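Engineer: If you scroll down you'll find the structure; I have some questions about it.
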Amino acid sequence: MVNASKTCVFKKYVQINVGTKVIAVVHQSHSSPPSVKVLYKINSSLPSNTAMFQISIKCCMTSIVKTQNVHVQSDSAGGEKERHMQLIHNRLNVKNPPGKVTYLDFYKALCVDDLTAQMRNRHSLYRFNVHFNGLKLLLIENMFNKNKKFPLSSQSASFLTSINVSLGNNFLEDNKKLIPRRDVPSYNKYHLSKETIEALRWPTFDAWQWEPNEMLSCLEHMYHNLGLVKDFSINPITLKRWLMCIHDNYRNNPFHNFRHCFCVTQMMYSMICLCRLQEKLSQLDIFILMTAAVCHDLDHPGFNNTYQINARTELAVRYNDISPLENHHCAVAFQIFSQPEYNIFSNFDQEAFKQIRQGTITLILATDMARHSEILDSFKQKVNNFDYKDEEHVTCLKMVLIKCCDISNEVRPMEVAEPWVDCLLEEYFMQSDREKAEGLPVAPFMDREKVTKPTAQIGFIKFVLIPMFETVMKLFPQIEEVMVQPLRHSRDRYEELKQIDDAMNEMQKKKSENFTTSGKK
């Protein structure tokens, strides 16, 4: 845990309390947040996976990053401090009274967060090992299938089935409703600070600094702040339960996970605020936009539509190779809504629910990148003479908006966007490794032996992101500075990185040639 710090013009002095030991760390005041965290952990001899955060004098959790100062704050600083002390007193059963809990007691209580982070990392490692064990079994199965004299034993077949279940290839039966994976009726309510409430309205928001419960509170705030809870008479407790259920039904994939869901929804909220969409669209349309963003990747297995179709998975068969994942996301979303305790549409009449359902399905299906050209071309034909009273025009706009939000990471600052590229490539490489093991076609942009970060991003930014956002900019000029310009800067940066990579590869090639030539002599 990082204690109070003292700042001067060029350097920042920080005292870190590790147990009973105090360590002083000095770093440049403009150092990036990841570099600062690494420096803290090295000087504290802490594991790299240790969760780090700051606690202010008022017992508020604060970010090490300057962009969002305070994550949570209480209505009464004194009351909040007493509540925290009472919580620690109850958790540790310390002998000191709640008002006199020592700093060491406070530190021990917060160590629970470190243990939680370690358990999450171990869980990720377990899933990673299960994945590669599955690949080995697939290779064994292929070997046996080539030689009919040695069929798979019943035990091997049974174990292979269990591995496939762990890898996420099992999906719900038609008559089985999806239920939360853990029985948690609610999560702690955080009081968002003014800085956080304002930061949520902008594309620069950094979701990496937030824990799941905090992100859930932020999503809850968005629904309240847009007036959706009040206008549609949504039970606040039902909203809370629904959001928790949504969280529990996103898988722990490198990219397509709950944090991605939050980022897409926060970007949608940002566009609603920035483009003043509530002045142009109905509240029902705003509700559809937000809800589709929350649900758009539910239960994503981590392998894209191309894999589903080529591998002839259950989803591909069920949906006849037509957007199998997007259809599955829709099905899971409405399986959740079908349960009364998660049905935020319970006060809607039949006609309103029908509109919500159709609108949400339309938007989630629009996130299939196979339909990108079709949807963007349709919007280009309408944008110059756009009519907000035309239902077809409005539907097309909503489809483009959710597409923008779904692939908007490069709109954000570099330090926020770049880790998402690493996560996406990790998921791509897992898929391509499995495709190779199963003898399926492998896309070049997913092959770890061919793709690099610059080559993966340059074409996508130049030919997908910038044209789409520039088209939306014709209708909403205000997004140029905060969305389109960052995309152009990102494109230029990756092109510079590619030039550096090419130069280094050329130098390496020449060195190899010179070495070969000198060897022959």
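Glycine too: its Cβ is placed from the backbone N, Cα and C atoms.
Per TrEMBL, domain 'PDEase' is recorded for 180-501. If you look up TrEMBL, you'll see H256, N257, F258, R259, H260, D297, D406, Q457 marked as AMP binding site. Sequence annotations record features per position, and here TrEMBL assigns active site, proton donor to H256. According to TrEMBL, the Zn(2+) 1 binding site annotation covers H260, H296, D297, D406. The feature Zn(2+) 2 binding site is assigned by TrEMBL to D297.
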Engineer: As a test of the contact definition, list every same-chain residue at least 6 positions from D406 (AMP binding site) whose Cβ is closer than 8 Å to its Cβ.
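Structural biologist: When sequence neighbours closer than 6 are ignored, D406 (AMP binding site) has V264, H296, T367 within Cβ distance under 8 Å.
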Engineer: For the binding-site residues listed here (N257, Q457), tell me which residue's CB has the most neighbouring CB atoms inside 10 Å.
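Structural biologist: Buried the deepest by this measure is Q457.
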Engineer: Just how many other Cβ atoms lie inside 10 Å of the Cβ on H256 (AMP binding site)?
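Structural biologist: For H256 (AMP binding site), the 10 Å Cβ neighbour count is 25.
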Engineer: Could you tell me which of these binding-site residues, F258, R259, H260, D297, has the fewest other Cβ atoms within 10 Å of its Cβ?
Structural biologist: R259
Engineer: Same chain, not part of H260, H296, D297, D406: whose C-beta falls within 8 angstroms of the C-beta centre of the Zn(2+) 1 site? Give them in sequence order.
Structural biologist: H256, C261, V264, A293, H300, T367
Engineer: Determine the Cβ neighbour count for H296 (Zn(2+) 1 binding site): the number of other Cβ atoms within 10 Å of its Cβ.
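Structural biologist: Excluding its own Cβ, the number within 10 Å is 27.
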Engineer: Averaged across the domain 'PDEase' (180-501), what pLDDT does the model get? Just tell me the whole number, please.
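Structural biologist: Value for the domain 'PDEase' (180-501), mean pLDDT as a whole number: 95.
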Engineer: Please state how far apart, in Å and to a whole number, the two most distant Cα atoms are among H256, N257, F258, R259, H260, D297, D406, Q457, the recorded AMP-binding residues.
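Structural biologist: It comes out at 23 Å between the most distant Cα atoms.
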